[in-house]
Each structure stands twice: as structure tokens, then as C-alpha cells.
Amino acid sequence: MEKEDGISQNLTANNTISLETEEEYKERWNSIRVMYFTMFLMALGFSVVLTGVWPYLDELDPSAGKEFMGYVVAANPLAQMVFSPLVGWWGNRRGSVRLPLVMSLLLFTGASAAYSMLEAVPSHRKYWMLLSRFFIGVSSANIAICRSYLSAATKVKERTGAVSMVSLAQVLGFIVGPGLQAIVTPLGEKGKTLLRGWITLNMYTAAGWINVLLGIINAALFSPVFFVERPIAAREAMVLSGAESDWVPL
């Protein structure tokens, strides 16, 4: 084991520097896979309600109109666009991605639950729907932190593959969402009423409850048991920089 510039580094059998132990490697890739799931869920949160948002809105408030439905659909990407720089700044300022991601996932879970409980609201339901979709968009601003962490937690030779996989996770989220909406269609418009009318499980609200369940799972995955931050890129850059400074041209 050598120690250079305060950083412990392992030496392999052929005396080359290894940036991490096998255990650290596993922890790092577990954290990257959690990021894949997070990106999948944020895309799913947008797409899963798209096919059902108009009939759900029409049922809640027949006077809303299709123009207002456009506002509801646009609220999510608009909020994401506005808040992505702010969430990214928060993550950089803290120097850790765990808290911003957990808080954004809790917001995602709460807003998704609110979307599914709109039938319990006595008035102004269309505005509450707009607000719930806006906050889901705010929560999805965490994709800025996810991408930033991927860059920090991958070595140069791994980065292209990791970025490709996270893009695939996003695309799958957009594809799977409408499929899940189709799967819950047999519940019908009436569905089942739970908790004395506070919760209705039907073909429209089930999509939101799927988001709630997956949001809780995703937030739990950021516990220290499953998610350990391993920003290896800075360590790799420092080692490469040291190797270059030691090289003397003939």
C-alpha cells in the first residue's frame, strides 16, 4: 500500500496503481445502479399519467377544458427546467447528493399521492391537479444531480457506458409509463373506495399510487446500507496528473 498526497492507493500484483478495493468497486456500482433507477422513475412519473390525465381531469372538473389540460401536462417539464439549476447548485454546495435526492424523492412521493387523492378535494380540483404535477416536475429536477454524480462516480473508460445506460433508463421510463396505465385500465373509472372516501383506486389514480410505491422504494435505496458515494473521478484525475508530472521527456 502506498500513500501519495494523502490518498491511499492499492498496488496490484504487477505494481500498477488500483484506485479502489473490490468492496469499494461494488459499492460504487451499486450507487450507480440506484441512479439508473432514479432516472427511470423520474421519466416514469411524467409518462405514466399522460394517457389518463385528460379523462381524469374531465371527471374531476368537466368545465376545465382541453386548454387547461395542456397546462397540466406542461407543468411538469416547466418545473423541471426552472428548478434543475437550483437543485444542482444545492447538491454542489452540500458536496453530497444523498440529501437532495432523498428530499426530491419524498416530494415526488407526496405530489404523486396528492394527484391520486384529488377526488377527496371539495373544490378547485383542476388547480390542485396542476399544482401536483408542477411539484412532480420540481422533484424530477434531481436528474441534474444524477448526471453529475454519474460523471463523478465513473472512471474515464466507464463513463460513456454509464451515460448510455442512464439514457436508456430514461427512455424505458417513457415507454413503460403508458404500458402501466394500460395494465390498470381494468380497474375502471369507479374503481374501489378506500379509507372512507379519502382514497379511490381506479384506472386514473392507480398510476399515481404506482409512483408513490416506487418513490418510497427509491428513497429507501439512498440509505447508507444501499448507497455509498464513491466519487472516483477526482481520485483518478489526481493519479493521472501525478503520473504525467513524473514523466520526463528524453
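Yeah, the Cβs are placed from backbone N, Cα and C, and that goes for glycine too.
Among the features that TrEMBL reports, domain 'Major facilitator superfamily (MFS) profile' is placed at 31-250.
Sequence annotations record features per position, and here TrEMBL assigns transmembrane segment to 34-56 (among others).
Annotated transmembrane segment per TrEMBL: 68-87 (among others), in sequence order. Packing against the transmembrane segment (68-87) from elsewhere in the chain are residues 45-46, 50, 53-54, 57, 100, 104, 126, 129-130, 133-138, 140-145: each is 6 or more residues past its ends and has a CB under 8 Å from a CB in it.
Residues annotated as transmembrane segment in TrEMBL: 99-118 (among others).
The feature transmembrane segment is assigned by TrEMBL to 130-150 (among others).
Under 8 Å from some Cβ of the transmembrane segment (162-184) lie the Cβ atoms of residues 32, 35-37, 39-52, 143, 146-147, 150, 154, 203, 206-207, 210, all in the same chain and six or more residues away from its ends. The transmembrane segment feature in TrEMBL is assigned to 162-184 (among others).
If you look up TrEMBL, you'll see 204-228 (among others) marked as transmembrane segment.
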Problem set entry | Candidate ranges 34-56, 99-118, 130-150 - greatest C-beta contact count to the transmembrane segment (204-228) (under 8 angstroms) | 99-118
Seminar exercise, completed: On the domain 'Major facilitator superfamily (MFS) profile' (31-250), the mean of the pLDDT values is 89
